[in-house]
Amino acid sequence: MTAPVIVRAPAKVNVQLAVGGLRPDGFHDLANVFLAVGLYDEVTATPADRLRITASGPDADQVPLDEGNLAARAALALARRYGLAADVHLHIAKDIPVAGGMAGGSADAAAALLACDTLWGTGASRAELLDICAELGSDVPFSLVGGAALGRGRGELLEPVETGGTFHWVFAVADGGLATPAVYRECDRLREASGQGFTAAELPDPEPSAALLAALRTGDASALAGAVSNDLQAAALSLRPALADTLRAGTQAGAMAALVSGSGPTCAFLASDENAAKVVADALISSGTCRTARTTSAPAPGATVVG
Ligand code: ATP
């Protein structure tokens, strides 16, 4: 009997998410600086007589168990490429909030891809795995590589970004998710309403912040705090105004920076050290403005075989 393969993949926060105008193909060009953080999903791949998905963890009831699951789609994509049957049981131990703007589904896709590659002995090259990741979704390549990276295009064209230290983060997990496409639509709507235009022809190309990249490189948390930005934040707040209370609660508790993580509704807070992060997390929990708060550090490694 073939032994199960276990792969762990990290959540991400976008320390910069610069969103260009709407392209004719319906996507937006991005300058997206990803940072992998130490919250992980774990995918266990076991040989089975057909493709089967199960999930455990606090948000397991929100995870689709059919072929719409990104982990299933990853297994199917790899099997198709190598002419194999995707006869595998993928169990997802889910710790990343679902629809939380932390790329949990993408983490599961990257983890499932690596797990199936190992289980089936397909020996796909890194470039092939990244190619499959890019087909599966804009955030999936980053879940495979981890660390920090700049994503251009829809976010899938990745360049590694150097990091020079450990950053301490707190994540306030909201009740209920936000659908990423709805947040982009709201961003377009707000831009149009403000008169600045919303199409790629009307808006400047998004560019990475030199100050932000320097802060990551030198490990300078206060400089990073001054440079973080998220162009989707206004849209997430417009759809979920109560997130303003969450951001305020974290700032009042001493967070150096407070921002919505990606498309939200998870809120991310940068803290000066581990103790400050605990203080912020406790204050967020007692504020009643979130379901729970988690402390962690970054950068975290990408998808890794752990068993
Ligand atoms: P991102 O930050 O990449 O925009 P997200 O973290 O906001 O994504 P996900 O947790 O990836 O959102 O889930 C978004 C939707 O994708 C879910 O509502 C669910 O229907 C679907 N989905 C597909 N596969 C998975 C998976 N393995 N885990 C969670 N959701 C999944």
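Keep in mind that glycine also has a Cβ here, set from the backbone N, Cα and C atoms.
For K12 (among others), the entry in TrEMBL reads active site. For the recorded site, K12 (active site), the DSSP three-state label reads strand.
What TrEMBL records for 69-147 is domain 'GHMP kinase N-terminal'.
In this structure, P97 (ATP binding site) belongs to neither helix nor strand by DSSP; it is coil. Marked as ATP binding site by TrEMBL: P97, V98, A99, G100, G101, M102, A103, G104, G105, S106, A107.
Taken residue by residue with DSSP, D139 (active site) is part of neither helix nor strand, so it is coil. Other Cβ atoms within 10 Å of the Cβ of D139 (active site), summed over all protein chains shown, number 27. As annotated by TrEMBL, active site applies to D139 (among others).
The domain 'GHMP kinase C-terminal' annotation in TrEMBL covers 213-285.
K12 (active site) has A103 as its nearest neighbour among the recorded positions A99, A103, G105, D139, going by CA to CA distance. The record gives P97, V98, A99, G100, G101, M102, A103, G104, G105, S106, A107 for ATP. Within 8 Å of the mean position of their Cβ atoms, the other Cβ atoms in that chain belong to A11, I96. In this structure, the binding-site residues A99, A103, A107 were compared by how many other Cβ atoms lie within 10 Å of their Cβ, and the smallest count belongs to A99. Note: the CA-CA distance between A99 (ATP binding site) and D139 (active site) rounds to 13 Å.
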